[in-house]
Structure formats: C-alpha cells, structure tokens
Amino acid sequence: MNWTELSIIINHEAVELATNILENHGSNGVVIEDSYDLINQPEDKYGEIYALKKEDYPDKGVRLKAYFNELTYDDKLRQRIKDELLNLDELDQHNVQFSEQIIAETDWENEWKNYFHPFRASKKFTIVPSWETYAKEADEELCIELDPGMAFGTGDHPTTSMCLKAIETYVLPQHSVIDVGTGSGILSIASYLIGVKRIKALDIDEMAVSVAKENFRRNHCETLIEAVPGNLLKDETEKFDIVIANILAHIIDEMIDDAYNTLNEGGYFITSGIIKEKYEGIQSHMERVGFKIISEQHDNGWVCLVGQKVSE
C-alpha cells in the first residue's frame, strides 16, 4: 500500500481551518512547516530542542503536508478538499500552491520519524522518540519514551497535549485509571509517571495493544499496566477513579453513560478528540447523565473536557 502526500502552501491566517479540513477528510497526520520558524527562535514556552533546516521550509507562508491512503484518495476526495480550502475566507487564493507525490509504504514507515523530535508536551511531560537521546532539563520533568509506529500519534496533537495537562491536574498516585482507546499508550504511561499503581489500557485494535505494550516496556511499566483488547467500556465491570478517552467525538458520545457507571463517586472523566463544532453536544450529554464539567480546554479547534461524577 502506498500513500499520497498532499502538499499545500498557504498563508498563516488559513492554517488552523485548513488543517481541520485535511484531518476531517481522513488525513493520517498533518505536518506543518512554517516559514516564520526560521526567523524566530525555535523555542516555545515548553522548549523545542531541535535545529531547523532551511530546506524543509517554504520561502514564505506555511506548507501543510497531509497523508492519505492511496486506495481511498481519489479524484472526488481531491476535488472536495480543494473546493473546501478555496472557499475559506482566510485563504489568500493568489498565493496558494498544491502539489502531490506518492510515498511507498517502506518510505512512509520512516518518513514521519524526520518530524518527530523530543518536545515538551505540557508543564511536566516531555515526549522522547525511542531512537533519540535526551537529557532532562529539570528534576520535575517526566519523560515518556515513545515509538508510536506510523499508525499512531506521536503526542504532539492538541488533544494529546490537553489530556496530558488534565492528567497533571486531576490524576493522583492513589487513583486507579482506565485508558480507553490507548493507541500508543502515551496517556497510560503519563498516569504511571504520576505514580498511579492500577492502570488498565484498552483498544479495539490489537495492533494498538501490541504497540502500547512495547512502549510500556520502554518505560519500564509493562508489569504495572494491564493492556488488553476491549470494545470501549461495554464489558467493563471494575470501577475506576479516572476514565481517559482521547478518541473521536461520536465514539465519546457513545460511551459517556458507560464512563459514568464505570467511575467511583468523585471520579473524573478526561476526554478529548472533540472538534469545537461538536463539543457542546458532548458537554450536554455529560451533564445530562450526571457529570459536573470542571475543566474545559480549547486548542487549535479541538476541545478537552473533564467531568466529575458527583452526588445529586
């Protein structure tokens, strides 16, 4: 199987909406190459730690690289994406450029590694690729060593970052945690680094479970995290203090009632993967079953909600 890399050079004002369009149409990740990064210090408040190469960036504007399965990326999808992008009010149509190339599966398996470097994902957590070395910058820094494989997120998506921030705030060592749709296992590992002793990681995809187990081994917690295939919380009988779910909004909506029933009194439901257009519906459903919304984060068109199970 091959992949189509759709490359688009656009103005800065259109980046957020264009990225959402690409992701909503099934892109398996979007790489953002911003010409401003060559001018400004490559360091944000969490500290990026890698050198930038001029040849990787456009002369002006922003290059977005989106990756689509060649079998599903046809003329209709190509035109639909182009039409939606060209209809954006924020887009400077005089300076937009489109190009495509085919990337072989063997190349794709390693191509994404060129864009994955150690980075601070939140106040405490730093994500470190398994093939790179990294020295902690502070004693309180918690490092997650990750080899997500090409099918799973690297931790730099806004939804993951927001979940990590919520874990920092609400998860305590004495809590028990269930991570639904664990993927690479990053949120389970974060809970372990906080000091949690009882963690269960579920994913309907057995490949995800395998990847997660390998990442648990890399972080020396494979014996402390139970990683198993599972269909959301439908068959879960054990109670937990924390339910974490960073998955798509329609799946979150399907599991809200089960999340409430799985939680101990006073427990927290940390959930993201919600686009801003759908978060009010998710929030209303959570409140309807008995959750009190105690935290709401927004980042680049995505939302993370934390609901607490409270007494009537």
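Even glycines carry a Cβ here, placed using N, Cα and C.
Per Swiss-Prot, S-adenosyl-L-methionine binding site is recorded for T160, G181, D203, N246.
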Sparsest Cβ surroundings (other CB atoms within 10 Å) among the binding-site residues T160, G181: G181
Cα-Cα distance, maximum over T160, G181, D203, N246, record's S-adenosyl-L-methionine binders, Å: 16
Three-state secondary structure, which DSSP defines for D203 (S-adenosyl-L-methionine binding site): strand
Around the Cβ of N246 (S-adenosyl-L-methionine binding site), the count of other Cβ atoms that are within 10 Å: 26
